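Input: a single structure, listed below in structure tokens.
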Amino acid sequence: MARLPHEMTSDILCRLSVKDLLRFRSVSKPWCRTIDDPYFIKLHLSHSLKTNTNLSLILSHGEDNFFSVNCALFETTQRLNHPFGDQRKALQILGSCNGLLALVDDKDRIFLWNPSTRKFQVLPFNEIGFSSPSSTYYGFGYDPISSTSISSAPSTYYGFGYEPISDDYKLVRMVQSHGNNDEYFHSEAKVYSLRSN
């Protein structure tokens, strides 16, 4: 039996769905290496974006129920079983990019999850502390420079996306605090890089 050249095999495989690719990893060791290769993963994503194929809509219902809807066949809905177990009751989607979801649970733990491969990563927690010594991310405080008290609870904002120059996925967490009558405003941010963890 004749073997297809590696380039032709990659070209054929990049046209398949992620679900099929996961099954075809067990065909042979060379196929498994090809499918797991970061270059092939980028090739598959690039092909999917160019051809508008392999597109899914992720829906959240309730606190921990996620569903995937195939955009080609809207009647095909699949429940996604997240790998975080029952102990994480409240999961909220912070953002999505190229099939990855950024999630936060009720204990402020942040996860990156690929529902297609079922792989996930827990992000390290980094407290955001404000520069004035008496005001921190978690509490009320006093700003000695403007002589204003920080009375409102801090607000937290997230952003998640892909940065093509460094070929990296990044999550930004920003915390903002306001004083009485908005006379004081302070914000600080942390950036998580998936490439460097």
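Note: Cβ is positioned from N, Cα and C throughout, glycine not excepted.
TrEMBL: automatically predicted annotations, no manual curation.
Features of the protein shown, as given by TrEMBL:
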DOMAIN    1-43  domain 'F-box'
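Taken together, the residues of the domain 'F-box' (1-43) have an average pLDDT of 87. When the domain 'F-box' (1-43) is classified with DSSP, helix, strand and coil residues number 29 helix, 0 strand, 14 coil.
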